[in-house]
């Protein structure tokens with residue numbers, strides 16, 4: 001199959017998942033509900049105010065995480081180097097936790113202001129991780145990943161501190177936010193996520209040629225005219241935008257950005273003008289499906305979707321480390 | 001040191017004045033000064049670790065250190081935007097560099113990056129045309145749809161060269177274009193480079209390991225030793241065992257090619273290591289054993 005066909009296939013998957021997922025859930029919804037978007041009946045409200053925003057949120061979050069992961073994997077030439085593994089998600093969550101704990105509130109172009117604190121946290125983390133990696137000259141993927149793990153641990157501990165100093169009510173709000181669950185998401189979450197996810201993804205897509213060259217090797221990219229520093233900063237910016245929006249609005253959802261773009265790469269190839277849209281669509285589909293499973297598996301109780309993705313992601317990580325393509329990792 | 005062989009009338013495209021580079025406190029290049037003129041074909045030689053590859057990378061702006069000491073067309077390297085520099089200098093890396101799986105045509109097309117700011121990566125018709133011409137010039141059109149990872153060493157080296165062609169830079173830097181190639185592939189690559197130099201008028205600077213393969217047939221040789229420039233002149237001035245001994249710390253003999261008469265160099269073992277010709281390998285050695 002050509003890369004173009006794969007993109008088409010992921011688009012079909014996206015349409016199917018978006019169209020079907022709202023109909024699954026603890027409470028069955030009659031088909032007629034689709035015809036009355038503004039209806040005040042239980043079924044209409046359930047479909048239009050709860051299920052659809054939730055499914056759309058799941059799709060956008062998965063798409064954002066996946067496309068951000070694809071960018072980092074190309075930039076660092078390693079499938080393990082994703083925003084999640086490099087501590088961006090944890091730091092973004094820490095930013096969000098501080099925002100909640102300190103009760104910050106400020107205008108942010110009509111977007112959820114928690115995303116800005118979260119963004120600053122994520123950006124600080126990646127600059128720190130990258131700076132630490134470069135500290136002793138040269139670049140090593142092992143050092144990058146270890147710095148990411150370290151920053152991730154520190155941020156998790158600091159989130160614990162924030163928890164510890166909160167009262168029961170704030171702590172509960174924090175848990176709800178940072179568990180990696182979509183159960184609290186409503187239309188607001190969707191409308192907050194939509195512009196950030198789309199802007200971040202478009203910004204990454206604009207760097208597709210640079211990503212192609214960087215994936216081939218930094219030296220080759222430089223010699224072809226890529227301004228390594230500037231492009232790296234742009235990619236950091238766009239990726240943190242995507243990652244922090246998800247972390248702030250849905251909590252840290254792990255491994256989507258690791259699994260989906262890597263699998264897409266194996267099928268679609270390394271040409272990012274195909275890989276990025278494919279990752280976006282497949283990531284959205286993947287998280288939509290995971291969330292539907294999370295909602296229905298123990299219905300009426302709900303699992304946090306992050307649990308599902310991590311349960312899948314852990315073994316996938318091991319497969320990357322030990323599987324037939326392990327020699328590609330070059331750690 | 002001898003003057004370069006080409007006509008000294010043209011302005012130098014590259015001028016290096018007193019370039020010293022240290023990375024992590026390790027001195028890699030020391031006080032290097034040289035100029036390069038359009039159309040020259042230069043081989044950079046020297047023992048392992050002499051700084052040949054480092055020199056090429058610093059001059060091409062791939063490693064830091066040459067921002068002020070290196071001037072391209074009179075402009076300090078540090079003041080060149082990357083894209084502009086890429087339209088002037090193409091760098092062909094060593095074959096051992098790991099390359100991601102990628103179809104040959106796409107790889108060559110990617111080299112067109114420097115030719116215009118194109119958001120959303122739309123390579124235009126001119127880019128596709130240039131990529132195809134480059135594949136034709138390198139004799140690779142049959143491989144256009146193959147993946148890089150499935151090619152032989154010689155084919156991959158030619159793809160790297162085709163990509164540099166598509167980049168349309170007048171100056172080429174090559175890092176050991178003949179390394180890891182067998183005799184036929186090496187000859188093919190060398191012939192291709194010579195043709196591009198002759199017909200396309202490229203200025204070619206190549207790090208060369210084997211003097212007989214790609215150094216002695218260039219216009220000019222630059223020799224480095226421990227980060228210092230120790231020779232800069234025409235090959236004829238280098239085919240001197242005493243001079244070679246200083247550079248490589250090894251004894252050499254100069255031979256003539258039986259067909260075309262060009263000079264060839266071979267190493268000579270020192271007297272102590274050489275088995276004596278009058279002794280049969282299995283026979284008792286005379287007095288060397290206790």
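Including glycine, each Cβ sits where the backbone N, Cα and C put it.
Sequence annotations record features per position, and here TrEMBL assigns transmembrane segment to A:50-72 (among others). Remote same-chain residues near the transmembrane segment (A:50-72) are listed as 14, 17-18, 21-23, 25, 29, 81-84, 86, 182, 185-187, 189-190, 193-194, 196-197, 200-201, 204, 207, 211, 235, 238-239, 242-243, 245-246, 249-250, 253, 256-258, 260-262, 264-265, 272, 275-276, 279-288, 290-292, 305 (criterion: CB distance under 8 Å, separation of at least six residues from the stretch ends).
The feature transmembrane segment is assigned by TrEMBL to A:84-102 (among others). Beyond its flanks by at least six residues, the transmembrane segment (A:84-102) meets 65, 69, 72, 113-114, 117-122, 124-126, 129, 144-145, 147-152, 155-156, 158-159, 162-163, 165-166, 170, 173-174, 177-178, 239-240, 243-244, 246-248, 251-258 of its own chain at Cβ-Cβ distances under 8 Å.
The transmembrane segment annotation in TrEMBL covers A:108-132 (among others).
For A:144-164 (among others), the entry in TrEMBL reads transmembrane segment. Sequence-distant contacts of the transmembrane segment (A:144-164) (same chain, at least 6 residues past either end, Cβ-Cβ under 8 Å): 76, 78, 80-81, 85-87, 89-91, 93-94, 97-98, 101, 121, 125, 128-130, 132-133, 171, 174-175, 178, 331.
Using a Cβ-Cβ cut-off under 8 Å and counting only residues 6 or more beyond its ends in the same chain, the transmembrane segment (A:190-214) has close neighbours at 53-54, 56-57, 60-61, 63-64, 67-68, 70-71, 74-75, 77, 111-112, 115, 220-221, 224, 226, 228, 231, 234-235, 237-239, 241-242, 245-246, 249-250, 270-273, 276-277, 280. Taken from TrEMBL, the feature transmembrane segment applies to A:190-214 (among others).
Within the chain, the transmembrane segment (A:235-262) has long-range Cβ neighbours (under 8 A, six or more residues past its boundaries) at 57, 61-62, 64-73, 75, 79-80, 82-85, 88-90, 92-93, 95-96, 99, 112, 114-115, 117-119, 121-123, 126-127, 130, 177-182, 185, 189, 192-193, 196-197, 199-201, 203-204, 207, 211, 275, 279, 282-283, 286-287, 304-306, 309-310, 312-314, 316-317, 320. Taken from TrEMBL, the feature transmembrane segment covers A:235-262 (among others).
Per TrEMBL, transmembrane segment is recorded for A:274-294 (among others).
The transmembrane segment annotation in TrEMBL covers A:301-322 (among others).
Outside the transmembrane segment (A:274-294), and at least 6 residues removed from its termini, the chain residues within Cβ reach (under 8 Å) are 3-4, 6-7, 10-11, 13-14, 16-18, 21, 24, 54-55, 58-67, 69-71, 181-182, 201, 204-205, 208, 211, 253, 256-257, 259-261, 263-265, 267-268, 302-305, 307-309, 312.
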